[in-house]
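For reference, the structure is listed below as structure tokens.
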Amino acid sequence: MFNHNILSLESLAPYSREGYYNPEQLHQSYLKTKTASLSSRVWKKLRQLNKKYFLNIWGVLFLVAVFLNLFYLQPLEWSKFSSTFQKSNSKGSFEAFVTVMVYGTIFFLINDVFLGKWAFSIYISRTRKLREKISKVEWLKLLSITFFIRSITPFSIGSEPYIIFWLRKRGISLRQASAIVSSLTVSWLLAQAIITWPSFITLQAQHNLVDPTKKELKYSWMVIAGLIVDIVSTLFVFTISYCKRVHYAFGLTRLKFNQIFKIKSSTALSKAELRHKYLDNKSFKKEFKRVFFNQTTIKILLLFTIQNILNYSLYALLAILILEGDQQNFQSFLNSFHIINVSTTSNNFLPTPGSEGTIQLTITKMNSLVGQGAAVAAQPAANNQNDAKEESLNKVIFLWRWFQKYKPFLCSVAFMTIYFLVFKCRLAFMNKKLKEVGPHRNISPELNAWYTVNDSLVLL
């Protein structure tokens, strides 16, 4: 108490200690101290908000983004969906609907579930540092959420951070998880380039896509630009993962930005600290080299190549069944395969969720460039036949997008909804059981004695 009084006297203004008592000055000083203390407590409370509130805020914003994406940015045309099924089978719409649902489910299970799980399992099995065995539900949770995020965000923003978060929850370090995600991203881009450029070279050799006499010549150059940007993106991702000076340059850019705008950050590093972290410390580069430069990457490349071939073969099968009619042959299958292959890769850099809208336009223009539909378009008198050809092409594109994007997206939403409801029900049941047991039912007498306050202690 004596020490406290001394500190209180020291904190007073000089005129108070020397005997010049001024109540108004003391009151103003007290108000300033109280205001500063209140503001510091408020900021402290804001910084100490539970993660639950941040997750709730993020969840609301996420649902708003999903709503805007589904109903405004890339709405599903359910009228086209029903009309497509009604016309896709002469036996009736119900048989066509069942066929599409079954085939789409098989395609989803093979391409997105089985092969997707296999890609992650190859890397995770090499770490051998898992805290527990990963259940099938957790695998489905990973695949569903990552596909969901890729479907609604441009450039698949958010899927890589979630994969890192999921790997860390499995007991893998942040450095290892980042190296695994970087290796998967580079491998996916390389797998696309491996099968895309042969397709483009084949189409160029057979149909001369850059012929000046073609009406859709500008789209040929747009496709070529997209393929070049895809190569640049692959090199950029690899450079970020492998070259330490790129990380150092990003760190210096952030430091300069904070200095210009006078932004104070507790996590910001000085120039010397950045140099030590990125140039002197080579741990991440060593980890990436260990993960990427081995036989596992070859397996991943083969796996991703199979996924892309299955994905593009699906479009080619739909094209020869609907577009070609009785003139079905292997050359038509290859042309459709090359078209969808080049169209998909050239749209990777466009900032629309799942390349929605742009990929449909690219596929249509590529069909015109290679001659599928161009011969019909050259006959002004055959307007009805031209309209039927265009309608059939739109049907092929829609069914392919249904198998490849919409059906897996809806399956992911259904799984996450069921998982969330089951999790909430189990949590509510556990809370109910805890309330029935009581807060001190399982506390031992020895521990319960600590909660008893003696009068003698109070007197002391």
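Note: Cβ is positioned from N, Cα and C throughout, glycine not excepted.
In TrEMBL, annotation is done automatically, which means it is predicted and not curated.
The feature transmembrane segment is assigned by TrEMBL to 53-74 (among others).
Annotation source TrEMBL lists transmembrane segment at 94-120 (among others).
Annotated transmembrane segment per TrEMBL: 177-201 (among others), in sequence order. Beyond its flanks by at least six residues, the transmembrane segment (177-201) meets 119-120, 123-124, 160, 163-164, 167-168, 223, 227, 230-231, 233-234, 237-238, 240-241, 284, 287-288, 290-292, 297, 300-301, 304-305, 307-309, 312, 337-338, 341-342, 344-345, 348 of its own chain at Cβ-Cβ distances under 8 Å.
Only residues 6 or more beyond the boundaries of the transmembrane segment (221-243), in the same chain, are considered here, and those with a CB under 8 A from a CB of the stretch are 179, 182-183, 185-186, 189-190, 192-193, 196-197, 200, 209-210, 285, 288-289, 292, 342-343, 345-350, 362, 366. Marked as transmembrane segment by TrEMBL: 221-243 (among others).
Annotation comment: TrEMBL describes 300-323 (among others) as transmembrane segment.
Sequence-distant neighbours of the transmembrane segment (406-423) (same chain, 6+ residues past either end, Cβ-Cβ under 8 Å): 76, 104-105, 107-108, 112, 137, 140-141, 143-145, 147-148, 151. If you look up TrEMBL, you'll see 406-423 (among others) marked as transmembrane segment.
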